[in-house]
Amino acid sequence: MSAIVAHPLHVFGLRPGVASNVCFFDEQIIIYPAGSGCVQYHVEQRWQKLIPGSEKSQGMLALAISPNRRYLAISEIVQEKPTITIYELSSVPCKKRKVLNSFDFPVEQFLSLAFSPDSKYLVAQTGPPESNLAYWMWEKQRLMAIVRADTQNNPVYQVSFNPQDNTQICITGNGIFKLFRYIEGTLKQTNFQRGEPQNYLSHAWLSEERVIVGSDMGKLFLFESGDLRWETNIECKKSPSEIEKDELPKDSESLLEFVTGGSPDLANELVLEGDAPQQVSLPHISAIAAYSKGFACSAGSGVVLLFEKTEDKEGYREIREIRIPQDQQSSDPNQSDKQDIKCMCFSPSEEILLVSTSKNQLYTFTLSSAEIVKGEHFVYLSFPLHSAAVTGLATCIRKPLVATCSLDRSVRIWNYEANTLELYKEYQEEAYAVSLHPTGLYIVVGFSDKLRLMNLLIDDIRTFKEFTVRGCRECVFSNGGHLFAAVNGNVIHIYSTTSFENINNLKGHNGKILREVPTFDVVYTAIVVSHSGRMVFVGTSMGTIRSMKYPLPLHKEFNEYQAHAGPITKISITCDDQFLLTVSEDGCLIIWKVYDKEGRGLKREREVGYADEVLITKADMEEKTLVMKELKSRVEELQMENMYQLRLKDMSYNEKIKELTEKFIEEMESLKIKNQVLKAEKEKLELQHQEQFSELMEKQAREVQDLESGNSQKLLLEYEKYQELQMKSQRMQEEYEKQLHDMEESKNQALEELTEYYEAKLHEKSALLEEAQDDARQQLREFEETKKQIEEDEDREIQEIKIKYERRLREERESNLRLKGETGIMRKKFSSLQKEIEERSSDIEAMKIEQQKLQGIIKSLEKDILGLKREIQERDETIQDKEKRIYDLKKKNQELEKFKFVLDYKIKELKKQIEPRENDIRAMKEQIHEMEGELECFQKQNTQLELNITELRQKLKATDREMHKERQKERDMEALVKRFKTDLHNCVGFIQEPKRLKEGIRELYTKYVQQADMVEIVGVDTDLQQEYIRQREHLERNLATLKKKVVKESEIHRADYVRIMQENVSLIKEINELRRELKVTRTQVHDLQSALGLTRKKQGISNTVPSGELLPSPGVLRLNLEKETEKIIKMQQLEIKHLQDQIQGQEQGFAVHPLSGRRVPTLETENKELPPQ
């Protein structure tokens, strides 16, 4: 490997074609792209730190810095693949944190990048034809969502995040203004474009909902939540030079041309001036930057406008106009300020505005100036830089100077030790080659039309000889400086520096190639050999530099450094081999420090130091001497005038002093006299005052004695009254305690009586039920016995009838055979039809019963669903309230952060004054932290207790429901028993008619056995209850997890609220003390009022109500029992009516009537005959 190491020290230049190419790292350090990487530049101290780019990078496209200023994202093309590299700026040196280079979607390049407000997410916009918008969690290299931003292949210029929301993104482009929101893993568009589509070039977020957008037609649009709220037009204002031109006679004006540039493309607009001389072109709003008071936007070439909010806070008004100044070193100063603003940004404190232009220049403007002056101008950030490819590079021996020339028609002289620009000048023609005289006093430059030899004066580069050498691509001075050579085609012209004669002309050589060294897949574009002859540095077409030993190695033994973003055009090394200089087509000049392998500089002893001499012409010297003489004479005249004026003033002041001394002496004498008079008066007044004072003291002593005697008597009386009231309050308290004790005893007695009464009633009902069951069994036995007897009697009668009518039957058997067959067939049909009717009726009844059960289940489930929905709505409302509260707190936090910066400066000043109190504050802070911990514990306990209370309440509700259901079952059973008794009583009436008795018993069986089954089926509701309990437990678990999440989020935001809580601690203490005092006073007032009120009530009660009526009597309880029984009877009657309606409906449906002529009595009439129970 090579033993030579090169380290970049300083870069002069700005890389073109990069979106968002300037940003602030902090208040004094800015970041911008230069060469193959980025530069950190300190504004005040003027040092640089280089952030190297990726190896084999083919071009940088976009930059983005995170809101927390910790990360920098760079979009590049590395080996023909799009790559996003994220650097960690806090580390020294800057390190690569993540590299995104493998994508699951088609992409050619990323045109714009943006970080989320919390710096966790990154959004990138790809170029056409895909135009995809990708959303990453960049630390995990996880693609969260992707969406196609445009389907018509229109270019998209900018993408940005909402400054308060990680999920909202804005993009602008040609006919594109879209807002996207990240929802459920996808990016969804939330706005819809209305009106004519515009070519939106730039945008900026002014708040959480407002976006300001600029177009190529000079229009500003303010969108709020995606809807247009405000719009204004910006005119291309004329510069002072143009206004001076307009003041010339208008007859000479026929056509004016304004060059204006857009954000992606430059465009020329022609404005014809005929009848309307004040017609102006529409500017391109290619850059917008927001700050706390409003925003700044570009307004055409070289103009930036500042807008602030109006009083109505709906629109914005222009308050400042800032222009790029004219460059007097330019060949056409009137056109030097025609530069398009590409990017702009504000410093964190919003005191500095930084802009970059289309000519690769960086300008700054300080906003903190109190007065707004007309004609405000930007200033260069450091120095004027090259705006096109650098074509020439040269160094000298006697001075640390570097000369460069460029296609931007400028020649610049740099100082590589001080890292400054010494001289620069622009010309009408392009410069291709440059060479410095070894003394550093002369320079030869090859232009497209001529070769010029020029002097480097103290403040100018002035030509003193021109040579007719067109298109000179190379020129160089000899080592001694007495000759210089220039190339024209394949001819080398050699001239004398002193006589300017063409000494010789050399033609291109065609000698043998001694040795060929491989280039390893690149093209060498420039080469330099060190003056020591041991080192060779080579520039390549990829923008890299290779350092190798001399003689050249055949193998791959060299160090390669990524330097420039384009092919290196020239490379040079200083005479002491300490510094390497490289220039490229990207317009940058890089100064490298050369070290050996061990990191030591290659030192060469200098016999003589650098020269400080400069050139100046005789005319300039004469002019300056004349100016100095004039200034000296002017200074002498001014000194004489000042001396004369001083003498005159001394004379006048002496006279005034004399007059004033005389006046003061007279006034002093008069004041002495007045003082004596006043002293005499004072003595008199003191005597009077002493007499009055003694009288007043005696009066006061007498009054004090009188007041003390009167107040002592009043205090004794008030003390006696207080003792009486205290005794009364004690007696009343004892009486109330007795009354409360008696009330509790009476309450317990009433409860015991009620429990005994209901238990006795339950015993009675159970006994009656057992008796009814015994009666039913006995009746069934009797029925079976009577049935057997009836069957035996019928058998005897049938035998007698058979014996009697056998004769007739034998005679009529033949005639009746046919009729018997028909009757048999009809009986079979009748029996089959009757069976089918019975089966259908039983099926219908079963279906109705199932329908009723299902309807009951549906109603209960609907009630449960409504209850659950109410609970969900309530919980959603609580969650929304908490989210609103969190949102309000976030807004307050943002406002507090805005005030934080202003308060920090005051805090720094006040810290010096509060050092003795810091110990007390620390102790108080520790107490506050302990109290906050206790408060958090109490809050957690409160939340847990609230959860327990809600669970117990829900369990209590469930037990109440179960109790009501059990009571309803008991009532249903009682009603069923009563109905069974009534139906059984009706059946007993048919004891003499066996057929009707049989039918009645069957009806009883079908009616009550199935209903009993239905009552048993009600037990299924327990399963539903269990399912409800299970779902309720599941919802409670979900609620617990949500509460835990809320607690976690509150703990996360706790750190932000600690400061506010610390400020409120003192107020809370005062409030608590006032509350305690208020509580004590209220309790005292309440005790006195209750004491007075109770005495009055007691007297009123003793006068109106006898003592026996104070306690509740058992008769009142008995009335409540009678009301309950009446309610139960009413419910049973309603159920009886409902069942009667069902029976009548069944009878009408089947049209089945009893065989006998008697009609079955209805339950309604029987119910009327029954005595009330």
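A Cβ is built for glycine as well, from the same backbone N, Cα and C atoms used for every other residue.
Remember, TrEMBL labels are computer predictions, not curated facts.
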**Prompt:** According to TrEMBL, which stretch among 170-197, 814-841, 1094-1121, 1122-1149 corresponds to the feature coiled coil?
**Reply:** 1122-1149
**Item:** Number of helical, extended and coil residues in the repeat 'WD' (561-594), per DSSP
**Value:** 0 helix, 20 strand, 14 coil
**Spatial neighbours of the repeat 'WD' (561-594) far in sequence, C-beta under 8 Å, 6+ residues away** = 4-16, 34-37, 52-57, 59-60, 360, 385-397, 400, 402, 404, 406, 408, 414, 416, 419, 523, 525-528, 530-532, 535, 537-547, 601-604, 606
**Complete:** Across the repeat 'WD' (383-424), DSSP labelling yields 0 helix, 23 strand, 19 coil
